[in-house]
Amino acid sequence: GTSRQIPQTIIIGVRKGGTRALLEMLDIHPNIVVAATEVHFFDWDENYVKGINWYRSLMPFSYGNQITIEKTPGYFTSPQAPERIHDMNSSIKLLLILRDPTERVISDYTQVYYNRVESHKPVQLFEDIVIKNGALNTKYKAIQRSLYDVHMEKWLKHFSLDQIHIVDGNTLIKDPLPELQKVERFLNLPSRIMSSNFYFNQTKGFYCIRSDGRERCLHESKGRPHPLVNNTVLEQLYSYFREHNAKFYRMVNHSFDWH
């Protein structure tokens with residue numbers, strides 16, 4: 001009695017915002033099934049041309065009472081993704097998980113740094129990438145990805161605000177349950193995720209998941225220690241994002257505890 005369904009909900013981003021944690025935590029819910037990998041259907045042209053049946057073929061099998069969710073963090077910053085998702089399903093519900101934009105930039109750098117170290121490629125200091133000729137390098141992709149107002153504007157051209165639920169990534173890591181309960185309500189699902197589904201792992205420094213008698217933590221690539229960043233550079237980043245954050249808060253009628 002199962003079949004592969006096109007997702008009724010998509011986690012659209014943001015990269016290094018906590019998308020994997022959110023997906024794994026929602027997977028606890030009996031009425032949710034999740035795609036195992038990032039599909040990149042709506043943001044990569046070479047996948048999009050393969051068509052909707054190819055997209056569906058990558059989804060897990062589900063029962064009629066279950067919601068299928070996929071997550072691809074690249075969707076949020078993609079120029080094409082909003083219109084393409086709207087063309088597929090104009091009434092879809094979208095989940096967007098965000099965190100402090102400066103933290104997100106540093107986390108983005110950290111991931112690339114470790115990937116380069118593991119591939120024996122040369123690495124640069126954070127400050128040497130972020131500052132060019134004494135000024136903030138606003139062309140740095142990681143900084144561009146943190147301009148939430150710029151990207152959100154594109155989504156609001158195709159979707160109403162009540163179709164997009166914003167998850168606070170900073171809160172999800174510190175206290176997962178309240179954020180997940182908000183998602184349950186947004187998706188009109190019965191409340192099934194409980195505090196007993198989480199335990200704090202002292203070694204890793206974040207919450208891990210307990211469900212179906214099994215315990216699991218996010219991959220070791222998650223929650224890596226960030227480099228210590230020069231205070232002057234931090235202040236430059238905070239200052240640069242301040243206006244963008246204020247604009248974003250007005251757009252979504254909600255404030256966050258960001259620098």
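Using the three backbone atoms N, Cα and C, a Cβ is placed for every residue, glycine included.
The domain 'Sulfotransferase' annotation in TrEMBL covers 7-245. The active site, for sulfotransferase activity annotation in TrEMBL covers LYS16. Marked as 3'-phosphoadenylyl sulfate binding site by TrEMBL: LYS16, GLY17, GLY18, THR19, ARG20, ARG99, SER107, TYR207, LYS222, GLY223, ARG224, PRO225, HIS226. Residues annotated as disulfide bond in TrEMBL: CYS208-CYS217.
All features noted in TrEMBL, drawn onto the structure.
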residue: LYS16; record: active site, for sulfotransferase activity; Cβ neighbours (10 Å): 23
residue: GLY18; record: 3'-phosphoadenylyl sulfate binding site; Cβ neighbours (10 Å): 27
residue: ARG20; record: 3'-phosphoadenylyl sulfate binding site; Cβ neighbours (10 Å): 18
residue: SER107; record: 3'-phosphoadenylyl sulfate binding site; Cβ neighbours (10 Å): 22
residue: CYS208; record: disulfide bond; Cβ neighbours (10 Å): 16
residue: CYS217; record: disulfide bond; Cβ neighbours (10 Å): 16
residue: ARG224; record: 3'-phosphoadenylyl sulfate binding site; Cβ neighbours (10 Å): 12
residue: HIS226; record: 3'-phosphoadenylyl sulfate binding site; Cβ neighbours (10 Å): 13
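GLY18 (3'-phosphoadenylyl sulfate binding site) and CYS208 (disulfide bond) have their C-alpha atoms 13 Å apart, to the nearest angstrom. If you measure from the Cα atom of HIS226 (3'-phosphoadenylyl sulfate binding site) to that of CYS217 (disulfide bond), you get 19 Å.
Put simply, ARG20 is the one of the recorded positions LYS16, ARG20, SER107, ARG224 whose Cα lies nearest to the Cα of CYS217 (disulfide bond). Among the recorded positions LYS16, ARG20, ARG224, the residue whose Cα lies closest in space to that of CYS208 (disulfide bond) is ARG20. In this structure the C-alpha atoms belonging to ARG224 (3'-phosphoadenylyl sulfate binding site) and LYS16 (active site, for sulfotransferase activity) are separated by 11 Å. Each residue contributes its Cα atom, and for the residue listed as 'active site, for sulfotransferase activity' and SER107 (3'-phosphoadenylyl sulfate binding site) these two points are 6 Å apart.
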